[in-house]
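K.L.:
A single structure is presented below for examination.
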Amino acid sequence: MESPPSSFSTFRSYLRALAQTPSRFAHRAPSVSSSYEELSWVKSRSGSNMHKSLRWYDLIGLGIGGMVGAGVFVTTGRASRLYAGPAILISYAIAGLCALLSAFCYTEFAVHMPVAGGAFSYLRITFGEFAAFLTGANLIMEYVMSNAAVARGFTSYLSAAIGIPTAKWRFTAAALPKGFNEIDLLAVAVVLTVTLIICYSTRESSILNMILTTLHILFIIFVVLMGFWKGDWNNFTRPMNPNSPSGFFPYGPSGVFNGAAMVYFSYIGYDAVSTMAEEVRYPIKDIPIGVTGSVVIVTILYCLMAASMSMLLPYDMIDVEAPFAAAFSGRWEWVSKVIGVGASFGISTSLLVAMLGQARYMCVIGRSSVVPAWFARVHSKTSTPLNASAFLGTYFFLFTEYIFLFIRALLPMREGSLGSMCIFIDFRVRPRPLQLNPLEPFLLMLALFFLRRND
């Protein structure tokens, strides 16, 4: 099947397509692609193929690196203090179960259609191009805004770890309005470095992610062991203030589910693994192990961190802004420096995985002619979506410096999750190599709806 001419081939073609927007929209919005088309002539628009170099252990590393960022060091304290109390570890287990159910949905689609488009491609073959466009735009916005927040957060954590004030890494641009004029040089350096790495090679990017993720996990294990060593089991049931509710469930079951709704955002990132499906050597075996394995490992880590923090302090004494750093204050303040170093590694891996995923989203969106086909090109030597990676690296730089200063970090999480939710409804249109329980997508929807009601 021949591909239609691109609306972006010339400026005149673009104006002609713009004038035909109503009729073209009516024709394309409900049109549904097929997995065969996505894997054949649509994929061929990239010119070259992405090199299949990833195995299941690479996917586990990418999944852990994408999920375990610095956010867990903040959300754990807030959810424990305000909602769940010591039962925060139950909240993490519930949120992990919901994340695992959604991971099953991503896994089934990724095995059935191993292309780099992730949620965009899945919706294109089930709901049509308009739903895919909305979700793709939502995901692009989610990644750009959240990555800007992550990159700037790297400066704060590294500064805390090495004892240099954050202001030393930033300079003031007099030409910009006050409050929006701080340029973060370290964040820019991190974004540009990650951009060069993902442009060079996917395999080398995976190796770097594996190294940084391993270091990050070692720091987390160290913090957990320190918490168990220094902590007190009585803190699981006894608050410091006698007027505070006592027991392991001080706020009851509703508090546990409210906490689960808050900490669920700590699991965001596993969806980026599905965008690497086109580069997996054995998709049927490696993708299920990689995606679900990473969610299970992260759930265990989060539960251990929550238990460790609950032992360190009574829940009503936990700092909602920096719970672990505050818990180790005093003669154990050096542990706070270790936490800062570990969080810096976590931010680096989160940024690396997110930029890998978004470049592939943009590449596949370019294949569908929703954006210029220039973004769809895969470089013949590096076997990476070089154009999309370079463009997004520049875009991240602009957002990191100017946009994040007045955008709240929680906004992209909520809007992005809205788009991601669309793919969890599984349409059984044809047999698939990996068969899962057809009730799983609906169980996930019910679970997330229940958490949202308790949020």
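Yeah, the Cβs are placed from backbone N, Cα and C, and that goes for glycine too.
Computed from a predicted structure; not experimentally measured.
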K.L.:
Quick one: sort out which of 249-270, 359-380 is the transmembrane segment according to TrEMBL.
P.N.:
249-270
K.L.:
Counting Cβ pairs under 8 Å to the transmembrane segment (56-75), which of 87-109, 183-200, 249-270 comes out on top?
P.N.:
249-270
K.L.:
Restricting to CB pairs under 8 Å, which listed stretch, 87-109, 153-171, 183-200, 249-270, 334-357, is in contact most with the transmembrane segment (291-314)?
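P.N.:
Selected stretch: 87-109, with the most Cβ pairs under 8 Å.
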K.L.:
Counting only CB pairs under 8 A, let me know which of 87-109, 207-229, 249-270, 334-357 has the most with the transmembrane segment (153-171).
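P.N.:
Comparing 87-109, 207-229, 249-270, 334-357 against the transmembrane segment (153-171), the winner is 334-357.
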K.L.:
Counting only CB pairs under 8 A, let me know which of 87-109, 207-229, 334-357 has the most with the transmembrane segment (183-200).
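P.N.:
Answer, by Cβ pair count: 334-357.
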K.L.:
Between the stretches 207-229, 249-270, 334-357, which wins on the count of C-beta pairs under 8 angstroms to the transmembrane segment (87-109)?
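P.N.:
The listed stretch sharing the most Cβ pairs with the transmembrane segment (87-109) is 249-270.
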